[in-house]
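As written in TrEMBL, here are the features:
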TRANSMEM  68-92  transmembrane segment
TRANSMEM  153-175  transmembrane segment
TRANSMEM  195-215  transmembrane segment
TRANSMEM  227-243  transmembrane segment
TRANSMEM  255-279  transmembrane segment
TRANSMEM  328-350  transmembrane segment
TRANSMEM  370-387  transmembrane segment
TRANSMEM  441-461  transmembrane segment
TRANSMEM  468-487  transmembrane segment
TRANSMEM  515-540  transmembrane segment
DOMAIN    600-664  domain 'CBS'
DOMAIN    697-755  domain 'CBS'
Amino acid sequence: MVNAGDMNGSGNLMDFLDEPFPDVGTYEDFHTIDWLREKSRDTDRHRKITNKSKESIWEFIKSLLDAWSGWVVMLLIGLLAGTLAGVIDLAVDWMTDLKEGVCLSAFWYSHEQCCWTSNETTFDDRDKCPQWQKWSELLVNQSEGASAYILNYFLYILWALLFAFLAVSLVRVFAPYACGSGIPEIKTILSGFIIRGYLGKWTLLIKTVTLVLVVSSGLSLGKEGPLVHVACCCGNFFSSLFSKYSKNEGKRREVLSAAAAAGVSVAFGAPIGGVLFSLEEVSYYFPLKTLWRSFFAALVAAFTLRSINPFGNSRLVLFYVEYHTPWYMAELFPFILLGVFGGLWGTLFIRCNIEWCRRRKTTRLGKYPVLEVIAVTAITAIIAYPNPYTRRSTSELISELFNDCGALESSQLCDYINDPNMTRPVDDIPDRPAGFGVYTAMWQLALALIFKIIITIFTFGMKIPSGLFIPSMAVGAIAGRIVGIGVEQLAYHHHDWIIFRNWCRPGADCVTPGLYAMVGAAACLGGVTRMTVSLVVIMFELTGGLEYIVPLMAAAVTSKWVADAFGKEGIYEAHIHLNGYPFLDVKDEFTHRTLATDVMRPRRGEPPLSVLSQDSMTVEDVETLIKETDYNGFPVVVSKDSERLIGFAQRRELILAIKNARQRQDGVVSNSIVYFTEDPPELPANSPHPLKLRRILNLSPFTVTDHTPMETVVDIFRKLGLRQCLVTRSGRLLGIITKKDVLRHMAQMANQDPESIMFN
C-alpha cells in the first residue's frame with residue numbers, strides 16, 4: 001500500500017479544487033439559498049479584500065470601490081426607478097384621456113395639458129377648450145345628444161379592450177412573470193427562494209409597458225404594487241453588474257430589500273413610508289446597513305420623480321392633500337367605524353379573491369387568460385362609463401374624494417348651498433347644507449362602491465400586472481366620503497345635540513369629509529394587506545399633516561384587529577400559500593408539541609437515508625447516487641456502518657466538481673476513489689488517482705438532536721434561513737429535516753393539505 005499523495009508527484013493536482021471553479025456556490029431554479037453559507041462566503045471575501053488592501057495603493061483603491069459599490073447601486077436604482085415611475089405616470093395620464101378624446105394641437109398631450117396650453121380656456125370651464133375634442137366631436141361633429149353619447153361610449157369600450165388585449169398578449173408571449181402584483185413573489189425571493197427570470201430584463205421591460213396599458217384600460221387595479229416589482233427588477237439588474245452582489249445571493253437580497261423601498265417611495269411619494277414598508281411587509285433579513293441604504297435609494301427615487309414632475313403640481317402623487325380644520329375627539333367614533341368597515345372589507349376581499357384564484361387554477365378557466373382579461377375589461381368598461389366616478393381613473397377618483405371643498409372647487413361633491421352673506425377666507429368655509437349635486441354624487445358614489453367591491457375581486461390575480469393598493473384605497477375613500485358627508489350634515493342640522501354642542505357651533509367649519517375619505521382609504525388598505533406602521537406613515541406623508549396621525553392610527557389598528565379576528569393572513573401571504581411557495585412567515589406562531597424525530601426523514605418504513613462515506617466511494621458510486629435520487633445534498637459520514645457525521649455536500653457542487661475534475665485533472669476515472677478527508681486514503685499502487693472533494697464539504701452543518709421540540713426547529717429555520725438541518729443522536733446521523741418538511745408539517749398541524757407546498 002502506498003500513499004496516493006506520493007504517486008507521480010500528483011499531490012498538487014488532487015488539490016485543484018482549492019481554486020474556485022465556475023458556478024460553484026450558485027443555486028438551481030426553484031431552490032432555497034443557504035443564508036449561513038452566503039454570510040460566511042461574504043465574510044471570507046471581505047477579509048481577503050481587507051488583507052490585500054495593505055499590499056499596495058491599487059488594492060487599497062479597489063477595497064474603497066468595493067465598499068462604495070453598495071451606495072452606487074442604490075443611486076442607480078433610485079434614478080432608474082424614479083425615471084420609470086415618472087414615464088409611467090405621464091403615459092397613463094395621456095392614454096387614460098385618449099379613451100375619451102384627443103388633443104388637436106398636439107396628440108401626445110393629455111386633456112389637462114392640452115387645456116393648459118390653450119389661450120381660450122376660462123377658469124369656470126377649465127376642462128373645456130377648443131383644442132381638446134371628444135371622439136364624437138372629431139368623427140361626427142357632435143358634442144351633445146344620444147348619438148354622440150353612444151359613439152363616445154362605444155369608443156371608450158373599444159380603447160379599453162385594445163389596451164387590455166395588448167397587455168395580456170405581451171405578458172403571455174414575452175414575460176409570463178410580469179403578471180400580478182409581484183409582491184408575494186418578491187417576499188418569497190427575499191426569504192431566500194430562487195425564481196430565475198422573475199426579476200429579469202424582459203420582465204422589467206414588459207411589466208413597465210403593460211402596466212401603462214392596464215391602468216389606462218380602466219380596470220380596477222393600481223400601479224403601486226407592480227412598481228415595487230419594477231424597482232426590484234432594477235435592483236437585480238444593477239446588482240448583477242457588481243460581483244459583490246452577483247456572486248452572493250444573500251447580499252443580492254439586501255439590494256432587493258432597498259429596491260422595494262424605492263418602489264413604494266415613487267408609488268406614493270413617501271420615502272420614509274417606503275423604507276418602513278420594506279421593513280414591515282416585504283423583507284426577511286433587514287440589517288441596519290440595509291436600512292440606511294433603503295433610505296438613500298428611496299430618497300434618490302423620490303427626488304428623481306419630483307424632478308420629472310409628472311402631475312405638474314410639484315407633488316409626487318396625484319392625491320396629495322392639505323386640510324385646514326382640526327379633528328375633534330367625538331369624530332374618533334366614526335373613524336373607528338371606518339376601521340371596522342376596512343377590516344370586514346379586507347376579510348371579504350381576501351376570501352373571495354383566493355377562492356376565485358383557486359377556481360382559476362383548478363378549472364378550465366385558467367386555460368383562457370386572454371379571454372378572461374377581455375371579458376373582465378368589457379364588463380368593467382360597460383358598467384363604468386355611465387357613472388362619472390367610475391369612468392375616470394381610480395387615482396383621479398381618490399384625489400377628488402380626498403379633496404377639501406374650497407371656494408374654487410367645481411366638483412359635484414362641493415355643490416353646497418352657500419350663504420350669500422358669507423365673508424370668510426377661502427380655506428375656512430363653514431359647514432353648509434348639501435345641495436342637489438351632493439345628493440346626486442352620494443348615490444353615484446354608493447353605486448361606485450358596490451361596483452368596485454365586486455369587480456376588484458375578479459380583477460386581482462389575472463394574467464396582467466395588477467396592484468391592489470389603489471382599488472383598496474378607492475373602496476375606503478368612497479365609504480369614508482359618504483360617512484364624512486353624513487356626519488357633516490348631521491352636525492349642521494343638529495348642532496344643538498350634546499355630541500356636537502361643545503365643538504360645532506353654527507357657522508363653524510367643523511367636519512372635513514375629505515379626511516374621512518383618507519381615513520377610510522387607510523382602513524381598507526390595512527384590512528387587505530394588514531400593514532399598520534408603514535401604512536400610517538405613507539398616509540401621513542400623503543397629507544403632510546402630523547395632526548391627522550391619531551385618526552389614521554385608530555382606523556389602521558381597528559381594521560387590523562377586525563380582520564385578524566377572521567384570519568391572520570393578509571392578501572400577499574394568502575397568495576403565497578395559494579401558489580405553494582416555501583415561505584416561512586415570521587408572524588406565524590407554531591404552538592404544537594411535536595419533536596424533530598416526528599418530522600425528520602426517513603420515517604419508519606421508508607428506505608434509509610442516502611449518504612456519502614468519507615473515503616470509500618468511487619466517482620461512479622457518487623454519480624449513480626446523484627442519478628438515482630433528486631435530493632439537494634447528501635450527508636457525509638465516516639462509514640455507512642458507524643454513521644458518524646462529518647459534514648454535508650450539496651448535489652449541485654458535487655456534479656460540478658466531478659465534471660471539472662474529469663476535464664482538468666488527468667487520471668480521474670469512474671473507479672477513482674472520492675475522499676472528503678484532509679489526507680488521501682491508502683490505496684494499492686496501481687489504483688487510479690483519487691479525487692479530493694474536501695473543499696465543497698460543509699464541515700459545520702446545522703444539527704439538532706432527535707428530541708429537539710419542533711417549535712425550536714421552526715424558529716431556527718426562520719431566524720437562520722436554513723435549507724436543511726441534520727438530526728443526530730450522540731454524533732450518529734439519524735435523519736434530515738428540510739425547509740419543505742417544516743412547511744408541510746406546519747400545514748398538516750393547521751389541518752391544511754401538506755402537498756400544497758409545491759417547490760423544493
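Quick reminder: no glycine exception, Cβ is built from N, Cα and C everywhere.
Remark: the transmembrane segment (153-175) contacts the transmembrane segment (370-387), by the rule of 3 or more CB pairs under 8 A. Secondary structure by DSSP for the domain 'CBS' (697-755): 24 helix, 19 strand, 16 coil.
In the domain 'CBS' (600-664), helix, strand and coil residues by DSSP number 24 helix, 17 strand, 24 coil. Listed as Cβ neighbours of the transmembrane segment (370-387) (distance under 8 Å, sequence separation of 6 or more from its ends, same chain) are residues 153, 156-157, 160-161, 164-165, 167-169, 172, 217-220, 360, 444, 447-448, 451, 455, 458-459, 462-464. Most Cβ pairs under 8 Å to the transmembrane segment (68-92), among the stretches 195-215, 227-243, 468-487, 515-540, belong to 227-243. Beyond the ends of the transmembrane segment (227-243), by six or more residues, the same chain brings 69, 72-73, 76-77, 80-81, 84-85, 88, 181-183, 185-186, 189, 199-201, 203-204, 207-208, 211, 251-252, 255-256, 258-260, 262-264, 266-267, 282, 301, 465, 467 to within a C-beta distance below 8 angstroms of the stretch.
Taken as a whole, the domain 'CBS' (697-755) shows an average pLDDT of 89 in this prediction.
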